[in-house]
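A quick write-up on the structure given underneath.
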Ligand code: EPU
């Protein structure tokens, strides 16, 4: 199978699909299993490439991983954790950002860790300075080498008091995975409190950790000597759910997303309604649909939780090209997340990007050279085109644009979409899309 998709667009997507566990939680829970004395069982695991990458890394470190794709479960047995060969770890370089989160657990288990150069989506610089500062504050020695970063904890890891410059999801997870078995108490202020982080805290608590989340983004952890395995069902993937919701809006369709969960999607649902989309929530999922008539332009700013997620932005922008009037979107989480709009403009959309902070309060990227605000003027019919997938969410947005556009589009590099969207071509078929993957 090649990396190409021919999409014959212009047909409303209609039908039912299912979303399973969140990519951005499942991978972290898999890493948490390294901290336990005994085996763990994770349920609601999607078949996506990122799960395969973390499985490979865990296996390199001696964790036995048994996957039942039909049941959607992973059995993770860390009884024989061992150091991996640098060259083997390095073979995973470029495939994911998860290796950085192995540090805390490996330092506790083995006293050292090696982190290859990191991959992940090209949506900004994506530095790891917060992660390394956190590890140093726990007492780790960080040494940059040619192939990556070598980290040691010659005197163990001690609890500490840390304030993050920005509520980073990954840095908060780094701290949690390190603090739970560090000696003494750790306090993190300005922590990220995304639902995926709360579910990681649920997992760590099941394992025997003592973690409290206070008001004002303060997390306190009392380190314990030993942790056990866990059994846990992953929370639903709210990014995937919102991506399909935006696809319903952009194609004038009607999609029931089984597994979608309302409490984690409040900000998205409010925005979806303001744009003119309709949704019905029931016990098993959410139906998202275009009720007919014009869509409305909006002013939107992405933010950390409980704000509007940055990962919801790209798919929604495609729907905004079909709204009547001027929409303004200010991206405040990543400095470079509008690259995907170039292809949309090539398909007929009217989108202008700006370096200024538009439509909201000034953000970290304001006085710098980043095109992090966009003005979208609609409605504009989209025309079929040849598109190259730039990153995971941008790529899904291109796919939505191709599905909305009349004619046959060629979408290249769709392997990237497999990283985070389970069986997306099967889902497209279930929704009546016309396409072929050759
Ligand atoms: N940042 C730093 N230094 C650091 C870490 C982060 O400056 O050491 C900055 C980043 O450059 C960015 C901001 O802080 O501007 C926020 O980054 P964060 O650390 O919160 O992001 P992340 O943990 O790397 C996760 C998800 C992303 C999602 C963000 C925000 C995973 C594997 N990735 O990334 O998901 O956009 O949180 O919610 O959990 C995706 O799924 O497509 C994706 C990119």
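Placed from the backbone N, Cα and C atoms, the Cβ positions cover glycine too.
Where the annotation comes from TrEMBL, it is an automatic prediction and has not been curated.
Listed features, source TrEMBL:
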- 121: active site, proton donor (ACT_SITE)
- 23, 24: phosphoenolpyruvate binding site (BINDING)
- 97, 311, 333: UDP-N-acetyl-alpha-D-glucosamine binding site (BINDING)
- 7-428: domain 'Enolpyruvate transferase' (DOMAIN)
- 121: 2-(S-cysteinyl)pyruvic acid O-phosphothioketal (MOD_RES)
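Here the features listed in TrEMBL are placed on the structure.
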residue : record                                        : DSSP class
23      : phosphoenolpyruvate binding site              : helix
97      : UDP-N-acetyl-alpha-D-glucosamine binding site : coil
311     : UDP-N-acetyl-alpha-D-glucosamine binding site : helix
333     : UDP-N-acetyl-alpha-D-glucosamine binding site : coil
Rounded inter-Cα distance in Å - residue 97 (UDP-N-acetyl-alpha-D-glucosamine binding site), residue 23 (phosphoenolpyruvate binding site): 12
Integer Cα-Cα distance in angstrom, residue 333 (UDP-N-acetyl-alpha-D-glucosamine binding site) to residue 24 (phosphoenolpyruvate binding site): 16
Pairwise Cα distance maximum in Å, UDP-N-acetyl-alpha-D-glucosamine-binding residues per record: 97, 311, 333: 17
Candidate with the highest Cβ count within 10 Å, taken from the binding-site residues 23, 97: 23
Those residues of the chain, 6+ apart, with a Cβ under 8 Å from that of residue 311 (UDP-N-acetyl-alpha-D-glucosamine binding site): 239, 242, 393
Cβ neighbour count (within 10 Å, all chains shown) around residue 24 (phosphoenolpyruvate binding site): 24
Packing count at residue 333 (UDP-N-acetyl-alpha-D-glucosamine binding site) (other Cβ atoms within 10 Å of its Cβ): 25
